[in-house]
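Novice: My questions will all concern the structure given below.
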Amino acid sequence: MTNPTPRPETPLLDRVCCPADMKALSDAELERLADEVRSEVISVVAETGGHLGSSLGVVELTVALHAVFNTPTDKLVWDVGHQCYPHKILTGRREQMRTLRQKGGLSGFTKRSESAYDPFGAAHSSTSISAALGFAMGRELGQPVGDTIAVIGDGSITAGMAYEALNHAGHLNKRLFVILNDNDMSIAPPVGALARYLVNLSSKAPFATLRAAADGLEASLPGPLRDGARRARQLVTGMPGGGTLFEELGFTYVGPIDGHDMEALLQTLRAARARTTGPVLIHVVTKKGKGYAPAENAPDKYHGVNKFDPVTGEQKKSVANAPNYTKVFGSTLTEEAARDPRIVAITAAMPSGTGVDIMQKRFPNRVFDVGIAEQHAVTFAAGLAGAGMKPFCAIYSSFLQRGYDQIAHDVALQNLPVRFVIDRAGLVGADGATHAGAFDVGFITSLPNMTVMAAADEAELIHMIATAVAFDEGPIAFRFPRGEGVGVEMPERGTVLEPGRGRVVREGTDVAILSFGAHLHEALQAAKLLEAEGVSVTVADARFSRPLDTGLIDQLVRHHAALVTVEQGAMGGFGAHVMHYLANSGGFDGGLALRVMTLPDRFIEQASPEDMYADAGLRAEDIAATARGALARGRVMPLRQTAKPRAV
């Protein structure tokens, strides 16, 4: 057994129980406090895993915000929440940090039920400005709300929702602070000089003079530096020769500011708080992974990490027992793309997370990363399909929710053959309820023209990719869970499946279990438990929720006293469609006992996937108990045909 990593010495942080304690610290002490918070973040995440790089990048900004503003009366809204660990440490949750992302522990994101310092929960991007503006207008209408501050990253601000909020905030012209945390752009020396000059001026003059001050500084510089400063300012503002983009939207723009310069941050935030009347955007440039060399040198690899050695940065990864679903998808799609030049892939800022980075390395001109823009991703894919391409739109289940109108209106209504790759289906573990893939089956299966599949294992996933490649009759979707497969034998190449055709994987006579998706192995385990009690069980894999294999369902009903459907999704999904079919086809007329097993009607909090499914009542033991109870109430109808359920 290894000894735990020694915790860092943090004399200043030890004195801070809540942000109010920071008011007594000098600016120099606040700078040292930031160093201690950074050490604490590294120590914590080394033990728990989590989002490291983003949190390290905002340490100074977090300290400065809590030192200047009066949270929780002032509402500090973090976008996404990946970067919230320093915030949690400073707001009374330090002693709980080593429970981060664990069962019964702290969330990895901001969460209203966790702390008064988390006024708005986050885990999906680009929501912060809208929420902060809502708080600001609540204040204007008499609610006990102080200042409102939204902290949003340069990735999140690419999403349309952020610009909708900026546009509305500019129109309302109420006091609101937006901090643009830009961690993808370094500051060259001329830009640093410009930023410092603007910081000094902002502490002495109204913000309205900042543009004139910037122009004056540029004019005073030698030729090459003057041109460089002008280009740099235009680069970060995007509106050469006129107002900045943010100013055109009605904001006062300040920046860029070095987000690791505590003095500059404190001066800027204090001046903003003292003088602002309308909305102001402060552009802060930070470095992802700041202060920890492994994370600075590989920000993509240290965005989200497993437990790691804080000295070397080496992450602790368990040995895989079976292929990873996402990698199976990425590799298989790449092989199919080598055979079919019409195949393209689309991702919304998640090339590695969705596996399309594998194809991107081989066919870079056929993989499109559209940024955090799921709505655009879906309709862009629809356009590609309309042009004759075979687009695979790869988006996590929980993020696909953001593009639902586009799926319905731009894809399904026009019957365009977009292939939806739905990763992270079902419960996902440490990221908890915000990232659970619970609702996609329900909201997609209800759409006309849609074909919907769910992979029972990694081999089935390969077959479904091949099916999607061959399917040009309309939109088609397939879903699969996070993590490892179940260790089945893998085919060399996928077989095209017949749409709406399931398979029987085990034959029995008493009760039938019809599984949709990756809970098939739990259904098979349940069958073994029942078999040991003398109950004969048929287990079938539906493969499709739309179209349903009604022939298979009919045969299961005719030959069994009870039928149990099992799925890794919410109510209103596969089982609901089976029940609807049976109700309209007379399947219940003879006394069939049907039980529909889904995720419960609540959000399931973070834990290991095994614990989450136990909480949901979807273990093999739960399936067996449900089947046992159904069998006790069902009765066998006279057979209307003699054929047994077909096996594949």
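Placement of Cβ uses the backbone N, Cα and C atoms for every residue, glycine included.
Keep in mind it's a predicted model, so treat the numbers as computed, not measured.
Copied straight from Swiss-Prot:
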BINDING   H82, A123, H124, S125, G155, S156, N183, Y292, E374  thiamine diphosphate binding site
BINDING   D154, N183  Mg(2+) binding site
Novice: What does DSSP assign E374 (thiamine diphosphate binding site), in three states?
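Specialist: SS state of E374 (thiamine diphosphate binding site) = helix.
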Novice: Hey, how far is N183 (thiamine diphosphate binding site) from D154 (Mg(2+) binding site), Cα to Cα, in Å?
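Specialist: It is 7 Å, counting Cα to Cα.
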Novice: Round to the nearest Å and give the CA-to-CA distance linking D154 (Mg(2+) binding site) with H82 (thiamine diphosphate binding site).
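Specialist: So the alpha carbons of D154 (Mg(2+) binding site) and H82 (thiamine diphosphate binding site) sit roughly 13 Å from each other.
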Novice: H82 (thiamine diphosphate binding site) has how many other Cβ neighbours within 10 Å of its own Cβ?
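Specialist: The answer is 24.
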Novice: Once near-sequence residues are set aside, which residues in the chain of H124 (thiamine diphosphate binding site), 6 or more away, have Cβ atoms under 8 Å from its Cβ?
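Specialist: Long-range Cβ contacts: V80, S398, F399, R402, T434.
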Novice: Got a sec? Which of these binding-site residues, D154, E374, has the most Cβ atoms within 10 Å?
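Specialist: Counting every other Cβ within 10 Å of each candidate, the maximum falls on E374.
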Novice: Around the C-beta of G155 (thiamine diphosphate binding site), how many further C-beta atoms are within 10 angstroms, looking at every protein chain?
Specialist: 19
Novice: Let me check the 10 A CB neighbour count of N183 (thiamine diphosphate binding site). How many other CB atoms are there?
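Specialist: Result for N183 (thiamine diphosphate binding site): 23 neighbouring Cβ atoms inside 10 Å.
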